[in-house]
Amino acid sequence: MASRGGNQSSDRQREHTPERGMGSASHPPPRPDRSPSQSPPPLPPKRNTYRRVGSNSSIESQVVLVSETSRSSLSPERSNSPPPIPPKKKPRKTKHVPLQDISQDSEEEREQVQLVRVGFSYPPVRIIEKDGKRSVEKIDNNDPISKGATSIAVRNPLSLPLVSAWEKGMEVMAVLMERYRLDNDLRTSFKLMPEQHEQYKRICHQYVNEEHRGIPLTFSSMKTLTAMMGRFMQGLVHSYSEIAHNNWECTGCALWAHGCTDYEGKVKCLHGTIMIQKDHIIEMDVASENGQRAMKENPDRAKITQNRWGRNVVQLANNDARCCVNDANCATNQFSSKSCGMFYTEGIKAQEAFKQYEAFMKAVYPGITPDQARMMLIPIHCDCNHKPGCAPVMGRQTCKMTPFGMANAEDLDVATISDPTVLASVRHPALMVFQCCNPVYRNSRVQNAGPNCDFKISAPDLLGALQLTRKLWQDTFPEIPVPKLVIPEFKWQNRLQFRNVSLPAGHYDSRQNPFDF
């Protein structure tokens, strides 16, 4: 009992003993400044901080919001422990921009929407508009719309195979080269290019030798005839395959409304103006072909005399020579830079040649109109300048036109001849002959002479070349009608003026630097 009482007294002493300035647990010290009903003071504003908490996976990461007040309110014991890991958040999915709606509508909804068009994709789709919104709808392969769209897309209205212009031309040329036995090198190298003219000439040459051997020509060479047939054949092939060139005529020809038969004794040049008359004297070698022809055709105007060097020459005085208006002040065989290069030694003979061609056209084509008969088919380019993109050459730019008289034609009896084509030459014994643009350069000893060739064909033979080319097409392709060959009408252009100076041209060089810097 005593021990129990002593223990109680010691416990009471402990209760009354304050610990470090504070009241006992059972009797805390009074707080006069605080009443039980007084509200607690306001808390300071929260300051939020962000802290990244990593997870075990390397992809996921979370952001945890931590309040500053919560940090301060934590007890020392709890502040030492790590904060609890918040629950993991699901990763946010990236939202893409929605594309056009692809929906499967019912049959009732199909009637309410408007069909815009049917696409050509596979599987097929149709693009429709509904409530102002355009959407794409998949179409089943068994849908009748899909079958109809497919048939419309591939159907050819002409029921013909779809081929290109190049393929059509190559098919025609393959048949021609096979029939007329061209060399393998010419066949393999042919690509239907504008500058490839040799194949056409070979085909026409073989055709003339096989089908028209010994064809009569008047003041024309066989080489020029086949060359012109090759040009016309190239024009037919391009017309059949619908190939067109903007700045180049493959035939090198034109239809000239010359008007040289409108007034008696007056002829016109390529400018369309009347040519002027001037005296002209020609001296030719006695042994030359031209000298002998001058003695036979003009015995009253030709005479043999000596020139200033003491040589015997045939001197032919032409008092009826005609020249272009721009060459009025130029000497013989001299042309100005504005000239067309046309010159006739005899104006009356030139007019007879134009009349002969007009009568010849009416005899060959009786249904032709008078205006069409007055249009002459003339070659603009000879072999020298008949190239795509060819630069102007020195001298004359068009073929030289020379009237040739037909000897002994006046002696024929008109009553004994029934062929109207022959009667045209009997009544008008002169032919217009087309030669190289600059035939004077052929025998010239000048070092800077321009190009020249042996191009020579008369106006009737040029028309015959066109007729033979059409005959060649009919014999080779009887099931295909002859294509239309549209030849342009001649119009004077400044690029056809006579050139006294040649333009400088460059040459190929393998080096990139000409001076090896």
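Using the three backbone atoms N, Cα and C, a Cβ is placed for every residue, glycine included.
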Out of C250, C253, C340, which is the one Swiss-Prot records at the Zn(2+) 1 site of C269, H271, C324? C340
Zn(2+) 2 binding in Swiss-Prot involves C382, C384, C453; of C390, C436, the partner in that site is C436
Among the residue ranges 144-160, 467-483, 501-517, I'd like the one that Swiss-Prot describes as region 'C-terminal arm, DBP binding'. 501-517
Which is it, of 212-246, 282-316, that Swiss-Prot names as region 'Flexible loop'? 282-316
Restricting the comparison to the binding-site residues C384, C436, C453, which residue's C-alpha is spatially nearest the C-alpha of C324 (Zn(2+) 1 binding site)? C436
Using an 8 Å cut-off from the Cβ centroid of C269, H271, C324, C340, can you name the remaining same-chain residues around the Zn(2+) 1 site, in sequence order? K268, L270, G272, T273, M275, V325, N326, S339, G341, M342, W492
Please report the Cα separation of H271 (Zn(2+) 1 binding site) and C436 (Zn(2+) 2 binding site) in Å, rounded to an integer. 20
How many neighbouring Cβ atoms, not counting its own, are there within 10 Å of the Cβ of C436 (Zn(2+) 2 binding site)? 23
Between C436 (Zn(2+) 2 binding site) and C340 (Zn(2+) 1 binding site), what is the CA-CA distance rounded to a whole number of Å? 15
Does anything in the same chain, at least 6 positions from C382 (Zn(2+) 2 binding site), have a Cβ under 8 Å from its Cβ, and if so what? C399, F434, Q435, C436, C437, C453, F455
